[in-house]
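Trainee: If you scroll down you'll find the structure; I have some questions about it.
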Amino acid sequence: MDMAQYQPGQRWISDSEAELGLGTILAQDGRLLTVLYPATGDTRQYALRNAPLTRVRFAPGDEVTHFEGWKMTVREVEESEGLLVYHGLTAQNEQRTLPETQLSNFIQFRLASDRLFAGQIDPLPWFSLRYHTLERRSQLLQSSLWGLGGARAQPIAHQLHIAREVADRMAPRVLLADEVGLGKTIEAGLIIHRQLLSGRAGRVLILVPENLQHQWLVEMRRRFNLQVALFDKERFAESDASNPFEDTQLALVALEWLKEDERAQDALFAAGWDLLVVDEAHHLVWHQDQVSAEYALVEQLAEIIPGVLLLTATPEQLGQDSHFARLRLLDPNRFHDLEAFRRESEQYRPVAEAVQELLDHGSLSAGARKAIHGFLGSEGDELLASVEGGDEEARSRLVRELLDRHGTGRVLFRNTRAAVQGFPQRELHAYPLPMPSQYEELPAGEHPDLYPEVNFQQQWEDGDDNNRWWRFDPRVEWLIDTLKMLKQFKVLVICAHAETALDLEDALRLRSGISATVFHEGMSILERDRAAAYFADEEFGAQVLICSEIGSEGRNFQFAHHLVLFDLPAHPDLLEQRIGRLDRIGQRHTIQLHVPHLENSAQQRLFQWYHQALNAFLNTCPTGNALQHEFGPRLLPLLDGGEDKAWDALLAEGRARREALEAELHSGRDRLLELNSGGAGEGEALVEAIEEQDDDFALPIYMERLFDAYGIHSEDHSENALILKPSEKMLDAGFPLGDDEGVTITYDRAQALAREDMQFLTWEHPMVQGGMDLVLSGSMGNTSVALIKNKALKPGTVLLELLFVSEAVAPRALQLGRWLPPQALRCLLDANGNDLAGRVSLETLNDQLESVPRVSANKFVQAQRDVLAKQFDVAEGKIVPRHEERVARAKQQFAAAMDEELARLTALKAVNPSVRDSELDSLRTQREEGLALLDKASLRLEAIRILVAG
């Protein structure tokens with residue numbers, strides 16, 4: 001293409017993304033061409049020399065459509081300054097003129113027929129691949145699991161319920177406040193993933209404490225295949241872009257750096273985001289008369305970013321003032337007065353009790369009846385009468401109605417271990433060991449015997465192994481003996497420092513020959529993956545994985561159930577994080593905790609504090625942070641020494657305070673909130689659906705067809721795993737294999753959870769979606785000619801098989817694909833114009849077909865060109881009623897769904913101020929735009945297969 005021929009206003013169509021509709025040239029700038037696709041609102045930039053575009057040029061006899069909807073038949077085409085002007089007649093015989101700039105953005109093209117008559121005929125298997133890809137894409141867009149089933153995680157009911165409930169809102173603003181170990185990060189990842197897939201969000205900003213950056217990076221990449229850009233001072237400074245944040249879809253930023261860098265803050269505010277995610281939001285300090293810099297920064301971002309997810313500790317841990325501060329970030333108009341919030345919170349207690357009575361299936365108390373009537377009025381009375389008549393559906397509906405009207409039920413989700421089943425038990429094994437003389441001689445310092453080996457690591461420089469700390473530390477001898485005793489089990493060892501982990505690996509190798517691998521923050525993600533895979537391998541893997549404190553963040557080793565705490569962390573939350581590597585939902589064994597510690601040392605006293613005062617080994621300790629804050633100033637001096645009497649008194653006081661706090665937490669449990677957060681059975685249905693999808697063989701069968709078509713070689717790796725490599729015949733270098741050298745994949749969820757070095761292929765995986773995009777965005781498979789061997793057909797009989805796609809071109813955020821997904825409508829015409837598609841399936845035909853050489857196929861097509869062109873019109877006439885029926889049904893269902901949701905939220909707003917006006921306005925706009933775009937739904941000829949009886 002002569003570069004001078006690109007003119008602003010010209011209409012072009014993308015060769016690789018035909019679904020975008022007509023494009024308009026916006027600008028030609030240097031070596032770049034900018035094209036706007038008004039139908040979807042997308043803008044693309046192409047290299048000028050090889051832009052994958054085709055000029056839209058209609059010929060006399062073609063029908064064209066104006067953007068206002070009227071049509072005309074072209075009689076004459078003229079060109080003026082590079083732009084086309086069409087002259088023609090409308091159906092009413094009016095003469096009209098239509099400049100190409102005013103063409104409808106939704107016009108579709110018969111690219112398949114153009115290719116067929118140009119002699120571009122494809123190999124036979126490609127037609128079937130295109131059909132199956134269209135069918136599967138249509139099913140996926142309608143699936144309630146879309147964005148939920150593809151995570152590398154065990155499907156867990158409460159997580160799936162929260163993810164669907166939140167991700168299906170436009171611009172959700174919610175607080176995720178589950179107890180530790182219930183998977184807030186996974187919930188956030190599921191929400192991000194589903195919002196991105198559905199188009200409800202396009203750009204996401206994740207703010208985290210600096211020490212959690214790596215954990216988030218690993219979680220998002222490993223579990224959700226989300227490529228997150230980690231921003232820090234160096235990356236920001238080195239970027240040549242005017243605004244470095246604008247170049248990424250998902251940005252991960254540390255709050256500590258951001259609050260100190262005003263230039264980065266300005267860039268972040270200007271970048272434009274759809275969703276803000278803030279982890280550890282309870283550390284944002286707010287008081288009525290003063291706020292921290294971090295809180296003020298998040299508050300500014302929350303004012304300009306439509307969607308906000310705050311991940312935080314439970315409301316009971318925070319205290320009501322701090323909890324109110326989080327809610328205030330989500331909706332400052334709704335949560336503006338702390339005292340009013342306190343009063344409102346008290347009003348919901350009777351409703352929670354009524355819901356509990358309904359779920360207990362007993363007779364309802366007078367108080368419960370009063371609460372139900374007070375909240376639901378006559379509607380509640382009617383449902384109550386049905387419940388007492390034995391109507392279980394009415395009972396479920398009554399529970400749902402009460403949950404919906406709960407004060408913060410739409411903005412706050414909080415699950416507790418008490419409410420969620422599936423956690424393992426814990427057993428503690430303590431091993432007091434004698435203090436070696438080398439440690440006793442250490443100079444006094446800050447907790448010298450919590451991590452006494454550190455002093456010797458700093459001193460050891462002469463390379464003499466005999467002087468190394470692990471030669472005399474009794475914990476090492478104990479560890480070797482314990483590992484030998486547990487040789488048939490996988491054992492996870494965690495210590496505070498990376499240097500200690502490396503030393504322990506040396507000690508095990510040199511002193512015992514025990515197979516161990518190490519895991520610490522100095523390793524790259526790839527190195528950690530390999531270490532984790534080596535540990536997970538049942539047959540040839542390491543028995544032991546030795547982790548540093550930071551190195552194991554975000555990892556899941558629940559296939560093991562023996563945990564050695566080689567030392568103890570200085571904070572109970574870190575202790576819970578360590579145990580949480582194994583203590584997760586889905587762990588099938590009792591967790592065995594092995595804790596060696598040196599007698600008469602800070603180690604022993606810290607062990608006693610965690611066990612006797614906090615009970616932190618045998619149970620989770622939601623009060624740990626509060627107790628540490630309260631007792632820390634007295635605890636730390638006593639760790640290093642001090643009288644036994646004072647120490648025993650502190651243990652007793654700590655235990656009493658913990659028990660009092662736990663009783664307070666239990667009495668303050670918001671049962672209504674727990675029920676709403678758990679989903680009251682909806683999450684279990686999602687789990688069952690995902691398990692059913694996992695057991696389906698449709699994906700492996702489809703992917704084998706895809707691999708064969710693109711020249712991807714697959715071979716067995718092990719049970720449930722394959723190795724994929726590009727072959728010499730690889731068709732497209734753009735196939736999203738992920739690694740030019742090859743990758744190992746599995747379709748098995750359990751295998752993927754144990755082996756993080758393997759790609760977990762689901763319908764949502766980038767390789768699968770990218771492969772489907774390649775098929776549908778390219779033209780391969782939209783023309784085919786074959787010989788059909790069927791004795792019932794006379795030789796020379798011609799059957800014409802056509803695939804039409806019925807679709808609405810619309811921005812993804814409207815999610816019209818749920819009601820009118822692009823669907824292949826198949827037509828099989830015989831010589832008499834009868835449609836046989838309902839009687840003869842595509843698979844039945846495939847079994848009877850043989851390939852035809854391209855030269856012969858092309859000769860036949862050219863000879864039959866006029867006949868075929870007429871049959872295309874006959875086929876379209878057969879398909880149009882089916883298309884119109886689909887569109888009418890989609891409009892009806894879409895309008896009904898929107899009206900139902902609008903009615904629900906409008907009624908809810910009257911009793912629950914958590915419903916924002918912006919939500920209702922957004923839904924009304926969505927309804928209008930959606931119906932208008934469904935009216936413009938189009939039918940296009942996607943693929944042609946000519947079958948000649950032989």
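Including glycine, each Cβ sits where the backbone N, Cα and C put it.
Sharing the features that Swiss-Prot gives for it:
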- 165-333: domain 'Helicase ATP-binding' (DOMAIN)
- Asp178, Glu179, Val180, Gly181, Leu182, Gly183, Lys184, Thr185: ATP binding site (BINDING)
- 279-282: motif 'DEAH box' (MOTIF)
- 475-629: domain 'Helicase C-terminal' (DOMAIN)
Trainee: For Thr185 (ATP binding site), what is the secondary structure state per DSSP, taken as helix, strand or coil?
Mentor: helix
Trainee: Which Cβ among the binding-site residues (Gly181, Gly183) has the fewest C-beta neighbours inside 10 Å?
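Mentor: Ranked by other Cβ atoms within 10 Å, the binding-site residues Gly181, Gly183 bottom out at Gly181.
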Trainee: Cβ-Cβ under 8 Å from Lys184 (ATP binding site), same chain, 6 or more residues apart: which ones?
Mentor: Leu176, Ala177, Asp178, Leu311
Trainee: Between 0 and 100, where does the mean pLDDT of the motif 'DEAH box' (279-282) sit?
Mentor: 87
Trainee: Report, as a single number, how many Cβ atoms besides its own are within 10 Å of the Cβ of Glu179 (ATP binding site).
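Mentor: Total other Cβ atoms inside 10 Å, all chains included: 19.
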Trainee: Including all protein chains displayed, how many Cβ atoms other than that of Asp178 (ATP binding site) lie within 10 Å of its Cβ?
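Mentor: Other Cβ atoms found within 10 Å: 26.
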Trainee: Counting only residues 6+ apart in the same chain, whose Cβ is under 8 Å from the Cβ of Leu182 (ATP binding site)?
Mentor: His158, Gln159, Asn415, Thr416, Arg417, Val420, Ile585
Trainee: According to DSSP, does Asp178 (ATP binding site) fall in a helix, a strand, or coil?
Mentor: coil
Trainee: For Thr185 (ATP binding site), list the number of other Cβ atoms lying within 10 Å of its Cβ atom.
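Mentor: There are 20 of them.
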